[in-house]
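One structure is given here, and the rest of the page talks about it.
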Protein chains: 2
Amino acid sequence: MNKNKILRIIPIGGLGEVGKNMTLYEYGNNILIVDAGLMFPENDMLGIDYIIPDFEHYLKDKRDQVRGMIFTHGHEDHIGAVQHLLEMVNAPIYATKLTLGLLEVKLSRYGMLAKADLRPVNAGEQISIGPFTVDFFHVCHSIPDGVGLGIETPAGLVVHTGDYKFDHTPVDNWPTDYAKLAEFAQRGVLALLADSTNATEPGWTPSERTIEGALDQVFETAKGRILVATFASLISRMQQVADAAERHGRKIAFTGRSMVENMNMARSLGYVDFPERLVITLEQSLTMPDNQVVLMCTGAQGEPRSIMGRLANGTNRKFDIREGDTIVLSSQPIPGNEEPVYRTINQLFRRGADVIYEAIAPIHVSGHASQEEIKLLLHLVRPKYLIPIHGELRMLKQHAKLAKEVGMPKENICVVENGQIIELVNGELQLAERIPGDYIFVDGSGVGDVDRSIVRERESLAQDGIVVINLVIDDQTGQLNGDPQIITRGFILMDEMQPILDGVKTRIQETLRSSDGNLQGQVLRAVKSYLYEETKRSPYIVVNINRF
Amino acid sequence: MNKNKILRIIPIGGLGEVGKNMTLYEYGNNILIVDAGLMFPENDMLGIDYIIPDFEHYLKDKRDQVRGMIFTHGHEDHIGAVQHLLEMVNAPIYATKLTLGLLEVKLSRYGMLAKADLRPVNAGEQISIGPFTVDFFHVCHSIPDGVGLGIETPAGLVVHTGDYKFDHTPVDNWPTDYAKLAEFAQRGVLALLADSTNATEPGWTPSERTIEGALDQVFETAKGRILVATFASLISRMQQVADAAERHGRKIAFTGRSMVENMNMARSLGYVDFPERLVITLEQSLTMPDNQVVLMCTGAQGEPRSIMGRLANGTNRKFDIREGDTIVLSSQPIPGNEEPVYRTINQLFRRGADVIYEAIAPIHVSGHASQEEIKLLLHLVRPKYLIPIHGELRMLKQHAKLAKEVGMPKENICVVENGQIIELVNGELQLAERIPGDYIFVDGSGVGDVDRSIVRERESLAQDGIVVINLVIDDQTGQLNGDPQIITRGFILMDEMQPILDGVKTRIQETLRSSDGNLQGQVLRAVKSYLYEETKRSPYIVVNINRF
């Protein structure tokens, strides 16, 4: 085996989950990093701020071998761990203009901009990074300026899509680069790593452009103000809403820091284009007739601290929902996030607004390829091997089924999860060792100082609350000195507590009388079983015993 | 105003939410209760077992006026609070055979069967309950033997649908009673209270029967065992799976207590019909060739303690998933429950099974009427007033929009939420007083001893955990006696803790030196601000100070 002709692919994140995408390509002593994203915690990961991929395990001894980092687009699940990665790795960062802009915003927030060696690339360019010759090709997605990668190595050509869809009529008129994909096929693609997020969606993801009709209908029927909420990164939606405002004789105001920042950046870089007279300030909008105004803000996911979240709660500072407002939530609830989204919608209705959301009208489309697009990609690229990426296992498996349907041999489809290293050698794919591919929790300023065991403790605290008992015992008499102090939190209502507290005290006295040694353990067990008998609940119990 | 001709409708639960359905009809001194269901807690209602409607507020002084309780069908969101209601109210219970059977199971579990006066009714019957003359009419739903009600009162006729769909080819061949609905229209319907659950779904809910094709496809391609998971109450699905087993030469085994109990009850009451030779025991199934077996169990919602949940976790006692098993999750994730469902699916894939679920194949249909059915109902019943029930506010609002589309005047559509009492008097609808329509949390054996404030405490405990500090101070010297005892839970990992604990101790010493009085408060604040500086986290802190 020729040790020099092995390309190793190390999936650090995004295989077996949606989020925290990160892949390493390793050839000899050279590592190329593609993306370093974050993942938002699931509902039962209590208190966790976000999750980053476990790159430390593999990179800690190889940090000097990293030749470059490529970010395929500017979404958090692809760039959100960059500040953590830069604490460890020092290498040039390659990305397109908008993606670099979003990286800059993020890195300056963490005071790390000076440390970053940012190198702009354009879709269509070819760049050499160590032994990797990388073709950047344009892809459509729900943020502009996304790219996929053709990574040529001495072991063969690998195509890495990043997130993509095949939109024939994108809002920026820039379709995915079909020609480049076909050109890769001409060269011969050894392996394709492709987005699986929508592998369970039949058909073809609708074009961004299809939203225009639904927007027009909203603008035609709305009598009062129109408020459109979406992601701050959904630059094309800003263009579409501004265009609709222009068509229907309304002015548009952007509100919310991240929305305004992104709009300004996209505007200065030329990713959106609307006339000066169209855009007004929030303050101006508040003094204009309702039917001449569109407001655009964040909070389509029901985030409580976003503008839309605060409007729903009635806690927004600068303005409130008015009877007759029409609100458009231009997004799809992130799976697991349905409850806060629908709660927000219900609250907005309660405040007298009409709310248009995805279930009601086609005011959002996905940025990921559906089944027919995935099949088209396979036919365009004609890879020898397919490695589904970006998705939960069920999505990767479905991606594999699609590949079988278009005729790929089963043994050429490689479904693996985070940490399973893949080697391409002499034109063949083989599995190598498996490394940890776990969650690294970020909580407050701590990275990795909370793990699943701590989250389980939080869960059990949350289940029935806590009871803290403080006893002072006279060492001479063995008697309680004063009443036990009992503090509870998250247990039961104060009003209902007195008989239970009395019962606890009685049990403590009884235990004290019969105790033969380990008083702390005995009090704990007595109180625990008493509380369970009385309430069928098991709060966390702390017993402090002080003797003197 | 003729005080004797007022019908009061008191929506206790299910208006402004999905679940805990309960409506009171009050005429003079006579109350008729329709349904008393439970609701499952949302993800952020930590530690709550379930939620029941707040019927106590309205009924506590009127418990003797209740003439009867009707349960429209046997789902938990319609019967799940019956044991709590019977603690307060003593009146005959009217329901169809299967619904009574499920009520019996529940009431005997709580030792309350003897107290219940159960009276079977048949769809098509008319029964007088005080001043209410009630026509029970058959409706299709995702459980057999559902009924809607025509409630004739001296103030007019009210139609109450319960949950329904218009299935032209139901598995039990018993369609919704269109003729009765039309007959009500002939009589003249003053108000219609109708299910809004699927008011945001366009089109027509597919027939139960459509599942057969998808099941056949699974049975044709599966090489190994087939395991079908669904709700224990989805009796018709048992029939369909058994029929598919028969068609494809497999035997069927039912497993899991609730599934087996319900199957036996449905079989003895004649709601399912399959030949003796078709049904085998779980034990028999485990010794047969894989391709001759179907297992049916619970756990389609990823419930960790269900059979399917345990199979996914590898903790089932009697059998395990085998490589080559085909698993069918015949259900739709309950909104908010997507994460556990998809986690289960991913784990089953990881164990070598192929998993067929709703996103992949049409192996489940809803039991609720979609938009075109809702419109059909309105045309059939031709009510003067519509009161949308069973749904979040956004669904009730959408139901109202549909009614406007079919020509109902806006002012005849009454969208209200729990607690808003409605009066029908002289053929007119008017709003009366509003009573509390809040959540009553059931937690362990406690009903209502936990409220939102306690849940918020649990949330904050879960956010960053707790730190309990126990100090012993020598009253003479004012010095610490020994080291502070510090216990943490759910805060950070032990390995990372030592420097922080040392810092806490230093802060405590400093505070002690400078303290001028309220030592407990000062220690608390000092530790709190230190922990926040160091970790950007705010655990709940308890400080016990013992002096002697």
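We count from 1, first residue shown onward.
Any Cβ shown, glycine's included, is placed from N, Cα and C.
Here TrEMBL has A:His73, A:His75, A:Asp77, A:Asp163 binding Zn(2+) 1, and the candidate from A:His57, A:His84, A:His141 in that same listed site is A:His141.
Site annotation for Ca(2+) in TrEMBL covers A:Gly47, A:Asp49, and the matching candidate from A:Asp325, A:Asp354, A:Asp438, A:Asp443 is A:Asp443. In the structure as shown, the Cβ atom of A:His75 (Zn(2+) 1 binding site) sits within 10 Å of 26 other Cβ atoms. Counting other C-beta atoms within 10 Å of each candidate's C-beta, the recorded positions A:His78, A:His364, A:His368 are led by A:His78. Closest to A:Asp443 (Ca(2+) binding site) by Cα-Cα distance, out of the binding-site residues A:His78, A:Asp163, A:Gly367, is A:His78. Listed in chain order, the extra residues whose Cβ falls within 8 Å of the Cβ center of the substrate site residues A:His364, A:Val365, A:Ser366, A:Gly367, A:His368 are A:Ser142, A:Lys165, A:Asn198, A:Thr205, A:Pro206, A:Gln332. Summed and averaged per residue, pLDDT over the domain 'Metallo-beta-lactamase' (A:19-215) gives 96. The Zn(2+) 1 site is defined by A:His73, A:His75, A:Asp77, A:His141, A:Asp163, and by the 8 Å test on Cβ atoms against their centroid, the other residues of the chain that qualify are A:Thr72, A:Gly74, A:His78, A:Ser142, A:Ile143, A:Gly146, A:Gly162, A:Gly367.
Between the CA atoms of A:Gly47 (Ca(2+) binding site) and A:Asp77 (Zn(2+) 1 binding site) there is a gap of 19 Å.
Candidate binding-site residues A:Asp163, A:Gly367, A:Asp443 yield A:Asp443 as lying near chain B, with Cβ-Cβ distance under 8 angstroms. Taking CA atoms as the reference points, A:Val365 (substrate binding site) and A:His141 (Zn(2+) 1 binding site) are 10 Å apart. Of the candidate recorded positions, A:Asp195, A:His364, A:His368, A:His390, the one lying closest to A:Asp77 (Zn(2+) 1 binding site) when CA atoms are compared is A:His390.
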